[in-house]
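> For reference, Swiss-Prot lists these features for the protein:
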- 1-26: signal peptide (SIGNAL)
- 29-34: motif 'Vacuolar targeting signal' (MOTIF)
- C84-C136: disulfide bond (DISULFID)
- C185-C191: disulfide bond (DISULFID)
Amino acid sequence: MKSINILSFLLLSSTLSLVAFARSFSSENPIVLPSTCHDDDNLVLPEVYDQDGHPLRIGQRYIINNPLIGAGAVYLYNIGNLQCPNAVLQHMSIPQFLGEGTPVVFVRKSESDYGDVVRVMTGVYIKFFVKTTKLCVDQTVWKVNHEGLVVTGGQVGNENDIFKIRKTDLVTPEGSKFVYKLLHCPSHLQCKNIGGNFKNGYPRLVTVDDDKDFLPFVFIKA
């Protein structure tokens, strides 16, 4: 009888381990696959795709759009009549916040990375692609300020201004499965999702502590 109890315990433990193992593989925890290139021993992560199913590429222009009904694209705005606009907002389906969004480019420290594919959970810098004055030319890179607000004024190469992209399980009303969330991933700190919040009457992009709280985004080639 004792041996039967031990066997039952081992079978139950194995079953629970398999369940936990299976749950660990989802779009939130993408499987790292080996490269198909025989001369490349590096491991690669899945590609990030735009709304039309094309891989995102470093240096190309995109609109970051929230596909949910009533939501809209991300844009640069000037709050408080500053010399350089620095607020990162989200358009909404209400008159004062209607719009088409401001194009962005994803960049890395090395200019030689231009044209490379963007992969999930790899660090990138996000930069608005806008006409600007000499005074504001270095004020287009995203960062997160001390209030947890996404603003511009970051620097390419500053490890505290790194963002990453993660796949979600969401599907757009049109049926696209290429829906992602953004994360702010400063050096030596845990990544935080990018969510949304009204602050002083404006729909701001903010960091959030709850892993289940985030804004969904699709990327539209501009």
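Placed from the backbone N, Cα and C atoms, the Cβ positions cover glycine too.
Since this is a predicted model, take the numbers as computed values, not measurements.
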> In whole Å, how far does the CA atom of C84 (disulfide bond) lie from that of C185 (disulfide bond)?
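With distance taken Cα to Cα, C185 (disulfide bond) is 25 Å from C84 (disulfide bond).
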> Taking the Cβ of C185 (disulfide bond) as centre, how many other Cβ atoms lie within 10 Å?
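Taking every protein chain into account, the count is 19.
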> How long is the line from the C-alpha of C136 (disulfide bond) to the C-alpha of C191 (disulfide bond), rounded to the nearest angstrom?
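Spelling it out, the Cα of C136 (disulfide bond) and the Cα of C191 (disulfide bond) are 28 Å apart.
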> Limited to the motif 'Vacuolar targeting signal' (29-34), I'd like the whole-number average of pLDDT.
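Mean pLDDT, the motif 'Vacuolar targeting signal' (29-34): 41.
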> Near the Cβ of C191 (disulfide bond), how many other Cβ atoms are there if near means within 10 Å?
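Around C191 (disulfide bond), other Cβ atoms within 10 Å: 17.
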> Sort C191 (disulfide bond) into helix, strand or coil using the DSSP assignment.
coil
> Under a three-state reduction of DSSP output, how is C185 (disulfide bond) classified: helix, strand, or coil?
coil
